[in-house]
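Okay, so here's the structure we're looking at.
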Amino acid sequence: EFPLIKILKMNFGVQILYQPPLTRIEKQHKGDKDLQVMKAGAMLRKVKSRSWKKQRHFRLQEDGQTIWYKSRWAGTGHSTFSVADVDVVREGHQSEILLSIADEFPADLCFTLVFRGRRSNLDLVAESPSEAQVWIRVLSYLLLIVALSQRLPLLRWIWDWFQKADKNKDGRMNFKEVRTLLKMMNVDMNEEYALRLFTMADKSESGCLENEEFVQFYKMLTEREDVWRVFQDYSRDGQILTLAELEDFLKQEQQEGERSLEHAQELIDRYEPSENAKKHGAMSIDGFQMYLVSPESAVLDPQLLALHQDMSQPLSHYFICSSHNTYLMDDQLRGQSSQEAYIQALKRGCRCVEVDCWDGPNGEPVVYHGHTFTSKILFRDVITTLAEYAFKVSEFPVILSLENHCSMEQQRVMAQLLDTILGDTLLTAPLDRLVPQELPSPQDLKGKVLLKAKKIGGLEESETLTDEVTDEVSDEDEADPKSLSKSKLSRELSDLVVYCKSVHFHSFEYSRLHSKCYEMSSFSESKARKLAKDTGAEFVRHNSRQLSRVYPSGMRTDSSNYNPQELWNVGCQIVALNFQTAGLEMDLNDGLFSQNGCCGYVLKPDFMRNDDSFDPERPQDRNGYTSLRLSIQVQKQLLCIIQLSVISGQQLPKVNQKEGSIVDPLVRVEIYGVFQDQAKQETSYIDNNGFNPLWNETLNFIVHVPELALVRFVVEDYDKASRNDFMGQFTVPFTCIQPGYRHIHLLSKDGTAIPLSSLFVNIKISELTTEV
């Protein structure tokens with residue numbers, strides 16, 4: 001075990017061994033050739049298409065965490081990526097690009113690196129099967145080490161910074177290297193103060209910090225005055241929290257109620273590093289801080305992260321995580337169509353995917369954005385991908401939204417492929433063979449794929465209807481009158497549609513009088529927004545019985561997104577977004593569906609599931625509230641007052657990697673919900689401190705409909721001359737917020753975690769009851 005690691009364990013109470021990956025591998029593979037191959041590097045073919053296959057020199061760097069690569073003609077230019085950015089290593093022809101060159105390169109030469117977030121895969125071809133196996137074996141092992149080390153982000157973080165700042169690799173740090181380290185860590189510290197900390201830590205008076213001295217320097221640097229103040233408020237002697245004092249903190253600040261005493265003892269057992277304190281049923285400042293940064297003290301209630309909602313209600317009673325143009329990796333004019341886009345969407349919990357089908361060569365339907373330069377993929381390959389990945393993240397039903405532009409012949413091919421590839425997972429008849437009076441539930445439809453498309457007749461009709469159907473065009477073409485045309489629909493394809501029959505929307509009155517529960521309509525964003533504004537209450541009632549799908553305007557050629565909140569406010573279930581485009585809209589989508597086990601289904605509030613009148617434009621008119629989570633009791637008209645104190649930030653990311661650049665962070669809190677709840681407030685900015693900025697500012701909001709509200713915490717780098725730079729964000733449903741002192745662990749623009757970057761806040765929620 002490294003001396004530094006021993007000292008870190010001693011000082012931070014860490015129970016699990018962490019060593020740098022390369023050292024672990026050297027011990028595991030001592031005497032074999034794997035590491036020599038990885039360190040020396042190899043010429044691997046990087047493949048982007050059948051025609052783009054270029055050799056690059058790849059090697060594992062000395063830190064055991066970074067892959068370096070360059071072309072032989074690039075001079076000093078090169079690229080790198082962190083092993084921690086890789087999600088999985090796929091062996092063989094397990095990407096569509098490698099499948100396309102299968103006739104040229106056998107599977108035992110090929111492997112794929114799948115990255116986290118929205119980064120494209122890296123497809124590689126080795127010179128020999130043995131060389132491919134070395135890379136697959138060692139990279140897979142590195143990923144295992146990364147997964148284990150993520151349980152100890154602090155140790156990993158300290159070790160990484162030590163390695164980066166120790167320029168001469170002598171295992172010691174002089175003051176110049178410490179100054180460099182502080183800049184790298186986003187700290188602009190007064191040089192005199194930095195030298196004082198350095199001197200205090202330099203017990204050997206050697207002018208350099210060795211292992212134990214460096215850890216002491218780090219402890220002094222990262223002392224949390226904000227946490228210490230909270231600790232002091234409840235500790236009588238200022239040294240420990242007794243069991244009674246910790247119970248008092250949990251009751252008063254964390255609003256935990258009757259279970260506080262039992263939970264206080266559990267927290268001491270779980271987080272207190274001092275065995276002596278544990279014996280006396282007490283918690284030190286170290287244990288208190290470890291509790292406050294733990295997942296159970298996060299702003300999002302961990303109990304609501306798990307699957308906990310009633311999944312036995314009709315499909316129309318749920319918001320459903322939905323994707324538009326799922327096949328696209330980029331924009332909808334020239335973007336790449338890819339099976340990988342379906343894999344990424346399904347892995348993010350998406351439960352409604354779109355397939356845009358057109359006649360292809362050799363009688364094979366293809367998927368792409370029609371009349372554009374987007375690339376084409378086979379319908380067969382899309383359905384094969386769906387069969388493999390549909391239920392890996394969630395067991396609840398997947399809706400396959402079919403945009404059908406195919407001839408009768410290729411429609412029959414589509415029907416055959418759906419039936420053959422999906423088999424029993426494809427729902428082809430009503431449950432129990434009965435015509436439904438209401439839609440079945442996600443629980444009833446576990447493990448099933450539902451086809452959403454046009455259908456000849458209804459579930460009540462006989463099997464003898466003609467194949468001739470007028471105006472049977474794709475849903476999204478209905479928005480463009482020029483696209484309307486008479487067409488034929490294949491009986492074979494029609495018969496596969498059960499609970500999601502696409503129909504033209506006439507009016508809410510027509511739907512109430514004539515529509516069946518299994519009939520659903522699609523709306524362009526502009527039409528849906530107009531209906532929501534003009535007839536919001538009717539839209540809510542309509543969506544309590546039937547499914548509605550909303551899709552982005554065709555003018556969004558860059559695959560940008562609209563704000564989904566407006567459509568959730570009227571109960572639209574399938575609010576389809578371009579998953580490939582990061583930003584506010586996908587943050588809201590990820591925030592809403594982060595609860596309930598990330599299963600892709602979220603139960604709508606009860607006032608949107610019954611016949612009660614709820615108008616999002618006039619929320620004050622609603623009645624019949626029930627109790628809310630977070631101990632919010634609803635009686636008469638309830639206004640939730642939320643007081644949010646932004647206390648501090650920790651280890652915020654650098655947005656400008658230029659040496660010496662340090663951020664000026666500010667925090668903005670945004671509320672999304674019904675119109676009356678939309679609000680934004682922000683703190684002042686802190687000059688030159690992304691390491692441990694301290695705000696201590698309080699923001700106040702009034703929320704009328706907490707059941708529909710989302711709260712987004714955004715951190716930006718202030719720039720007086722131009723637009724602020726995004727640094728990180730976290731979005732949480734209002735009803736999932738834990739009150740009290742909480743850490744908010746920030747996510748990148750791609751929705752991936754930023755290690756150790758967080759905000760420390762104090763949240764108080766109270767009620768204001770007024771007569772209606």
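In case you wondered, yes, glycine gets a Cβ from its N, Cα and C as well.
Automatic, uncurated: that is what TrEMBL annotation is.
Per TrEMBL, the features are:
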- H324: active site (ACT_SITE)
- H369: active site (ACT_SITE)
- N325, E354, D356, E403: Ca(2+) 3 binding site (BINDING)
- K452, K454, S522, R549: substrate binding site (BINDING)
- I662, D664, N688: Ca(2+) 4 binding site (BINDING)
- D717, Y718, D719: Ca(2+) 5 binding site (BINDING)
- 463-479: compositional bias 'Acidic residues' (COMPBIAS)
- 36-144: domain 'PH' (DOMAIN)
- 153-188: domain 'EF-hand' (DOMAIN)
- 189-224: domain 'EF-hand' (DOMAIN)
- 493-609: domain 'PI-PLC Y-box' (DOMAIN)
- 624-748: domain 'C2' (DOMAIN)
- S204: O-linked glycosylation site (CARBOHYD)
- 463-485: region 'Disordered' (REGION)
Least surrounded, by Cβ count within 10 Å, of the recorded positions H369, K452, K454, R549 is K454
Given the binding-site residues N325, S522, Y718, and counting only Cβ atoms in the protein chains shown, which has the most within 10 Å of its Cβ? N325
Taking only the CA atoms, the spacing between R549 (substrate binding site) and H324 (active site), expressed in whole angstrom, is 10
Whole-number Å value for how far H369 (active site) lies from D356 (Ca(2+) 3 binding site) (Cα to Cα): 7
Cβ neighbour count (within 10 Å, all chains shown) around H324 (active site): 28
Of the stretches 36-144, 189-224, 624-748, which racks up the most C-beta pairs under 8 Å with the domain 'PI-PLC Y-box' (493-609)? 624-748
Near K452 (substrate binding site), which recorded positions out of H324, N325, E403, D664 have their CA within 10 Å? E403
Among the recorded positions S204, N325, H369, E403, K454, D664, which ones place their C-alpha within 10 angstroms of the C-alpha of Y718 (Ca(2+) 5 binding site)? D664
With neighbours defined as other CB atoms within 10 A, the best-packed of the recorded positions S204, N688 is N688
Which of D356, E403, D717, the listed binding-site residues, has fewest other Cβ atoms within 10 Å: D717
If you count Cβ atoms within 10 Å of each one, which of the binding-site residues E354, D664, D719 comes out on top? E354
Along the domain 'PH' (36-144), what average pLDDT does this model show? 89
Taking the Cβ of I662 (Ca(2+) 4 binding site) as the centre, how many other Cβ atoms fall within a 10 Å radius? 20
To the nearest whole angstrom, state the Cα distance for the pair N688 (Ca(2+) 4 binding site) and N325 (Ca(2+) 3 binding site). 42
Rounding to whole Å, the Cα atoms of K454 (substrate binding site) and H369 (active site) are apart by 19
Distance from E354 (Ca(2+) 3 binding site) back to H324 (active site), taken between C-alpha atoms, in Å: 6
Just give the helix, strand and coil counts over the domain 'EF-hand' (189-224), going by DSSP. 22 helix, 2 strand, 12 coil
Among the recorded positions S204, S522, D717, whose Cα is within 10 A of the Cα of D664 (Ca(2+) 4 binding site)? D717
